[in-house]
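Here is what TrEMBL says about this protein:
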| type | residues | note |
| --- | --- | --- |
| DOMAIN | 177-248 | domain 'Ig-like' |
| DOMAIN | 262-382 | domain 'Ig-like' |
| DOMAIN | 455-548 | domain 'Ig-like' |
| DOMAIN | 557-656 | domain 'Fibronectin type-III' |
| DOMAIN | 657-749 | domain 'Fibronectin type-III' |
| DOMAIN | 753-841 | domain 'Ig-like' |
| DOMAIN | 850-939 | domain 'Fibronectin type-III' |
| DOMAIN | 959-1047 | domain 'Ig-like' |
Amino acid sequence: QDLTGLFTEKPQSGEVNVGENITFVAKVNAESLLKKPTIKWFKGKWMDLASKSGKHLQLKETYDRSSKVYTFEMQIIAAKPNFAGAYRCEVTSRDKFDSCNFELAVHGERACWYMLDSLAVQVSTEPDLDVWDILSHAPSSEYEKIAFQHGITDLRGMLKRLKKMKKEEKKSAGFFPQKMDPAYQVTKGHKIKLAVEVANPDVEVKWLKNGQAIQPTGRYIFESVGNMRYLTINHCSLADDAAYCCVVGEEKCTTELFVKEPPIMIVKNLEDQMVMKGERVELECEVSEEGANVKWEKDGVELTRDESFKYRFKKDGCKHVLIINEATKEDCGHYKVKTNGGESMAELLVQEKDLEVYQSIADLTVKAKDQALFKCEVSDENVRGTWYKNGVEVKPDARINITHIGRIHKLTIDEVKPEDEGDYTFVPDGHAFNLSAKLNFLEVKIDYVPRQDPPKIHLDCMGRTAESTIVVVAGNKLRLDVPITGDPAPTVIWTKGEKVVTDGDGRIHVETTKGHCVFTIEGAERQDEGIYSVVVRNPAGEDTADINVKVVDVPDPPQAPRILSVGEDSCVVQWDPPLFDGGQPVIGYVLERKKKKSYRWMRLNFDPYPDTTYEAKRMIEGVEYEMRVYAVNGIGLSRHSSASQPFVPIAPTSEPIGLCVDDISDTSISLKWRPPERIGSAELEGYGVEYCKEGNEWIPAIQGLTDRTSLTIKNLTTGDKLQFRVRAYNMAGPSVPTTLAQPVTIREIMQRPKIWLPRNLRQTLIKTVGEIVNLVIQFQGKPRPKVTWSKDGELLSPTFASVRNSDTDTILFIRKTERKHSGKYELQVQIENMEDTASITLQIVDLPGPPQALKITDIWGFNVALEWKPPKDNGNCEITGYTIQKADKKTMEWYTVYEQYRRTNCVASDLIMGNEYVFRVFAINLVGLSPEPCNTADSCKTIVYKPPTYKEHDFSQAPKFTHPLVNRSIIAGYSTTLSCSVRGMPKPKVTWYKNKMDISNEAKYRMLSKQGVLTLEIRKPCMFDGGVYMCKAVNDSGEDIVECKLEVRLTRISVPY
């Protein structure tokens, strides 16, 4: 998966059943991030899920320090149908941002499984939808009958749900019988059609986008077909990513549209480049869409516009260019461009410029008044230099001219004088070498002699002898200027072998001047090599000289290179030397490589490499490459060789891990291991297994390779001490082997017998009559143990149960269980005198029989008392309850009175007065209801209710004070109260007395009575109001009195003296 944002792993859309859990995972690589990333989870477009964490939603975050990867998880627990929809995950780190969309689909409820002890029973119930559909179309008088048939006992809850269903159906049918989905997704540039159904085919609808009305245009098209209303959006753009709403009156139907951008593909990949230091570099790629954003990286680090403007990013339509103005050695590396749909990588190499000398300066011999010209040519036209004569810098003047045109540097001396003779040197600026040559001055003195002088060739004046060889580079100009003397002037003839050389060939010029004969070849070629003879004659005689000319050239191209081996990012290449070295020894080779699909070759070395085997490095694993070679001699670089066969750098896998012995016997051994940690870009072809005795060669355990991570090697010799190893193979060859820590002796190891009893068999195993019993029990032991099954102390017979044994397990199989199969089974595994045993209890259960002796014990009002006895046959398991039903004798329709009732007696209530009823009882155990019920022998008839007569209760009671009066001492002039409480039936008559005198009619006193509390208020008492106060209560049942003493005292008045 190619990712260009912050995500290294994006959450994927998923499906889940109602009640199940699902986890969405997102991973972010923090290697290139300066700050910890923050993540947000959304449902729909705006609902932030961070505040929704709780019972059904959990958000987790972990960090791996070794790989520097953050892992974010969103776990949905016990999914509900309304959890379905579109979700979004956003990650942010400073100025970097990335997001992705995914969806969750929630399917209907699963079939429920209940575990009864250790027996798994699948409970399949008819869907609720069928029951409610029947109820919604049935008359209300049939509700009770339908509820009984389908096991619904909560009649009040059933009626509430039916009422709510009918209300929702009526409401939805009035506006939108078929609504839009909560969300839709469309790819940018594509078309989408939103559809909604309305109840009224003539109703007008209005479409809204983010709350704003949409006007029909070329992109938005409204359609109305019968009850369907359509909104078509053509050529969707990011601006269409919004919430859409269809409005009918006050009702709305909403949805969300997510516009997904298509991945940006790289149409034209980056090309590898090799430049000189200081040159401008342009890395160019082309993407599938204009204006797309790309990310540039160098060696895994993102590139930005820094302060020095070292990197410039240029965007021209679909083309994206990374520009480096002046390349330096630090710019070497792998550059990568990334989009959200792919990536491309290229390598940049920056080399220092080594100045090469294409033509050096040559020694000159000139005569007086002639011109001397020193000329040289170097590889860099920008390099300047300085001319020196005998170590002193040469300054230009009227006779001396210094020129620099392109790569050619010249020193010209006109009208040479004797003092111009010396050593001349050219030193290029910034380079530690120089070019030297000597200027020889030839002074020719001719004395007049009336007699004839024979001709003479003066080769010694040129600093050469007859055996000297003149070397010329192919393509350069060969000029032989031979001084001659003689009187009269001699004639000159040039020959090569026996052939006289003339001016007939356009490249060859022969010229004779006074004192000189000049032989010139323009653009020397390899066939011009040989011995040239010059013959001078006059009447006085002749002279002959031979000049050996050697033409040197660049070598022929080497043979096509061969790839000897490849590695993860390297290869070893070998080639043969050129057939012709150009007349100069080959000093080395220059290699180049390119990607198979590229046209740009990259030089791997600038200094000549002396050997014919080279290891090329820094290649990309999995990319196809080609290689070619140049030969280099003292003259220059040859033409390139033919390209090698394409090859792909691939490294062998890492070694397999965890090699160990799984099992061993007298003649075989079983090995197992785990796959290598690193496999690479090539597929794993298989594993090779080898073994050897100590000090001997390795022997393949099998022919070819195995694709499994385990192997059993058979037919070994008992007692041999062997070492084993495993290697993984891919296209690059075998990996480093993994070897056992120490040799293994081939001999079976005694292993104590041991039974591995499954956890579910450690308790009673319950099966229903007729079911299949298939028990698989693992055990261990060597050699193969003897396995014995028994039941209740007796060996199992083949007709009772089937038993199959293997080396590692045993199987007890009963095709059709019966009640007689219940019991305790014993398993014994024995090796000689060692054994292990295990026991399994099997309980075969069946439906119970009917209860017994159901009878009516009492009848009163609306109630009937019933009593019965447990069934004789409980089905070999505990009776868990009873189901009691009633039926009216007129209709004989049965209705459930009690379910899972635990006792053997009950009271049936809510019967209709005067009706005749019959009753029946079913027994229930682990399997289910008994096939037959137990019915009452006779029917019962409820009687009319007559209320009993009771003797009227006498509630009369004599008065009695429950709270007495309390003696008090008060101050004169301040009103006070006396209180008490009394009870009696009927209500007693109350009279107040002072000193046994009735004070009921006195104005000074006020009597109050409330809820049996009696109060006497004395207004502003004086000294005469003190005394004994009495309260008397009287009714028909008797009387009671209570009294207290009241003391009235004066306030003390202080008189000043």
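Each residue, glycine too, has its Cβ placed from N, Cα and C.
Mean pLDDT of the predicted structure over the domain 'Ig-like' (262-382): 84. Per DSSP, the secondary structure of the domain 'Fibronectin type-III' (850-939) breaks down as 0 helix, 48 strand, 42 coil. Sorting each residue of the domain 'Fibronectin type-III' (657-749) by its DSSP state yields 0 helix, 45 strand, 48 coil.
Mapped onto DSSP classes, the domain 'Ig-like' (455-548) shows 6 helix, 56 strand, 32 coil.
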